[in-house]
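Engineer: Please read through the structure below; I'll follow up with questions.
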Amino acid sequence: MLKQIIQTGKPYPVYIGTGLLARSGNIFTEAIEHLSGKSVVIISDSNVMPLYGSITADSFRSAGCQVYTYEIPAGETSKNWNLLGALLEHLANLQITRSDYLVALGGGVVGDLTGFAASIYMRGISFLQIPTTLLAAVDSSVGGKTAVDLQAGKNLAGTFWQPEAVLCDTDVFHTLSREIFLDGVAESIKYGILRDRQLFLSILNGGLEHTCNDIVAACIAMKGEIVSEDEFDRGTRELLNLGHTFGHAIEACSHFAVTHGHAVAIGIHMAGQTAAKLGICSKECSHDITNALLKLGFSLDCPYSAEELYEVMLRDKKRKGGTIDLILPYAIGDCRIYPVTIEQLKEIMHA
Ligand SMILES: NC(=O)c1ccc[n+]([C@@H]2O[C@H](COP(=O)([O-])OP(=O)(O)OC[C@H]3O[C@@H](n4cnc5c(N)ncnc54)[C@H](O)[C@@H]3O)[C@@H](O)[C@H]2O)c1
Ligand SMILES: O=C(O)C(=O)C[C@@H](O)[C@H](O)[C@H](O)COP(=O)(O)O
Ligand SMILES: [Zn+2]
């Protein structure tokens with residue numbers, strides 16, 4: 001089992017390995033002094049609960065916890081205000097107290113919703129992350145961004161609330177469909193393009209199928225490094241949004257029919273093209289990014305017009321009045337924040 005510490009205001013461990021789910025209760029209670037004896041509410045979705053709910057619940061019970069479970073419908077549309085409210089009411093009905101724990105068992109949707117609930121229930125209680133998608137393992141389970149979507153767009157309401165610990169059992173990826181696994185490949189290769197050309201090449205050459213734990217650990221380490229520098233997303237952390245200004249707009253335009261990872265893949269391709277057009281990176285660099293995404297199996301056609309995307313992009317959280325921070329590649333392994341005015345953004349989109 002690999003262990004990393006995420007150095008936020010409140011440092012916390014991330015455990016990565018195989019066969020961990022059946023031991024999750026023990027691993028967490030050994031790491032967290034007062035967890036045994038507490039109530040834990042395992043929150044999961046309608047696909048993951050039947051697969052991994054019992055093994056997780058049994059493990060927490062054997063470690064001395066009182067276990068409750070709560071299931072939400074699978075899919076992005078569960079990241080909404082009404083479901084968040086229903087979950088909070090349920091916690092209150094169970095008489096969950098401030099010393100108890102929530103456990104997010106699932107992909108990024110379960111993680112973002114559970115983290116949000118944990119951050120506001122009784123003004124904040126502890127939670128644990130058990131990611132079950134590749135995307136959640138390499139990205140959403142670490143760093144403490146929580147959110148729900150609003151009608152106007154993606155993740156427009158949320159908090160920063162770090163988990164107490166994260167446990168990532170990579171065995172669970174075996175039940176993912178190819179498409180959902182690919183969503184995680186998009187967020188993984190993002191890390192390579194951001195800061196690590198070697199990681200980019202390893203993923204391109206099928207590394208996630210062969211040396212999965214090491215690559216997951218490398219992505220988490222990079223996320224930890226960036227988040228520890230800028231926990232509250234006021235500077236460097238914006239880099240983690242590579243491909244997201246375009247990607248979030250695609251998700252919103254599709255009413256969330258396009259998954260986050262696929263939208264981010266198209267967004268990374270668009271970021272590469274934009275950088276080449278602006279003369280920030282070479283044409284070869286932009287082609288290498290696009291070809292890598294195609295080789296990995298992404299379809300990069302965007303079904304929405306420049307106008308449609310632009311309107312949604314204006315609500316991006318990296319907008320500061322009349323400017324918006326784009327994240328653009330200067331080379332593979334070197335991305336930077338590149339502010340543009342919203343007028344320039346309009347021109348870029350039309351080009
Ligand atoms: N907080 C962050 O930093 C952060 C980072 C990246 C993405 N996100 C968010 O994460 C979400 C996307 O996460 P996702 O791609 O995990 O989507 P998801 O949570 O919707 O999971 C995708 C699908 O896979 C199923 N599933 C999950 N684990 C499974 C398993 N082991 N076996 C079989 N099926 C399984 C789910 O039921 C769901 O149908 C988006 O809402 C995105 O905005 C947040
Ligand atoms: O952790 C971060 O910071 C990220 O930006 C990671 C992204 O992959 C993730 O999709 C995040 O939820 C996007 O955040 P947002 O602030 O653009 O809503
Ligand atoms: Zn993302």
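Keep in mind that glycine also has a Cβ here, set from the backbone N, Cα and C atoms.
Because TrEMBL annotations are produced automatically, they should be read as predictions rather than curated entries.
Sharing the features that TrEMBL gives for it:
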DOMAIN    70-180  domain '3-dehydroquinate synthase N-terminal'
BINDING   GLY108, VAL109, VAL110, GLY111, ASP112, THR132, THR133, LYS145, LYS154  NAD(+) binding site
DOMAIN    184-318  domain '3-dehydroquinate synthase C-terminal'
BINDING   GLU187, HIS244, HIS260  Zn(2+) binding site
Engineer: By DSSP, what is the split of the domain '3-dehydroquinate synthase N-terminal' (70-180) into helix, strand and coil residues?
Structural biologist: 48 helix, 34 strand, 29 coil
Engineer: Give the sequence-ordered list of residues that share a chain with THR133 (NAD(+) binding site), lie 6 or more positions from it, and have CB atoms under 8 Å from its CB.
Structural biologist: GLY106, GLY107, GLY108, PHE173, LEU176, ILE180, PHE181, ASP183, GLY184
Engineer: Of the binding-site residues listed here (GLU187, HIS244, HIS260), which is spatially closest to VAL110 (NAD(+) binding site) when Cα positions are compared?
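Structural biologist: Smallest Cα separation from VAL110 (NAD(+) binding site) among GLU187, HIS244, HIS260: HIS260.
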Engineer: Given the binding-site residues GLY108, THR133, HIS244, HIS260, return the subset with CB under 6 A from an atom of ligand 1, ordered by sequence, or none if empty.
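Structural biologist: So the answer is GLY108, THR133, HIS260.
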Engineer: Listed binding-site residues are GLY108, VAL110, ASP112, THR133, HIS244; which sit with C-beta under 6 angstroms of ligand 2?
Structural biologist: HIS244
Engineer: Summarise the model confidence on the domain '3-dehydroquinate synthase N-terminal' (70-180) as a single mean pLDDT, whole number.
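Structural biologist: Averaged over the domain '3-dehydroquinate synthase N-terminal' (70-180), the predicted model reaches a pLDDT of 98.
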Engineer: What counts of helix, strand and coil residues does DSSP assign across the domain '3-dehydroquinate synthase C-terminal' (184-318)?
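Structural biologist: Counting residues by DSSP class gives 98 helix, 0 strand, 37 coil.
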Engineer: Same chain only, sequence gap of 6 or more: which residues have a CB within under 8 Å of the CB of HIS260 (Zn(2+) binding site)?
Structural biologist: GLU76, GLY108, LEU135, ASP183, GLY247, GLU251
Engineer: Taking the center of the Cβ atoms of GLU187, HIS244, HIS260 at the recorded Zn(2+) site, which other residues in this chain have a Cβ no more than 8 Å from that point?
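Structural biologist: Near the Zn(2+) site, beyond GLU187, HIS244, HIS260, sit LEU135, ASP139, ASP183, ALA186, LYS190, GLY243, GLY247, GLY261, ALA263, VAL264, GLY267.
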Engineer: Return only the integer: C-alpha distance in Å from LYS154 (NAD(+) binding site) to GLU187 (Zn(2+) binding site).
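Structural biologist: If we compare the Cα positions of LYS154 (NAD(+) binding site) and GLU187 (Zn(2+) binding site), the gap is 17 Å.
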Engineer: Using Cα coordinates, what distance in whole Å links GLU187 (Zn(2+) binding site) and ASP112 (NAD(+) binding site)?
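Structural biologist: Pair distance, Cα basis, whole Å: 16 Å.
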Engineer: So if I measure Cβ to Cβ from ASP112 (NAD(+) binding site) and keep only same-chain residues at least 6 apart in sequence, which ones fall under 8 Å?
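Structural biologist: Spatial neighbours, sequence-distant, of ASP112 (NAD(+) binding site): LYS79, SER140, LYS145, THR146, ALA147, VAL148, ASN155, GLY158.
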Engineer: Determine the Cβ neighbour count for VAL110 (NAD(+) binding site): the number of other Cβ atoms within 10 Å of its Cβ.
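Structural biologist: Other Cβ atoms found within 10 Å: 31.
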Engineer: Taking ligand 3 as the reference, state which of the binding-site residues GLY108, VAL110, ASP112, THR133, LYS154 have a Cβ closer than 6 Å to one of its atoms.
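Structural biologist: So the answer is none.
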Engineer: Counting only residues 6+ apart in the same chain, whose Cβ is under 8 Å from the Cβ of HIS244 (Zn(2+) binding site)?
Structural biologist: VAL264, GLY267, ILE327
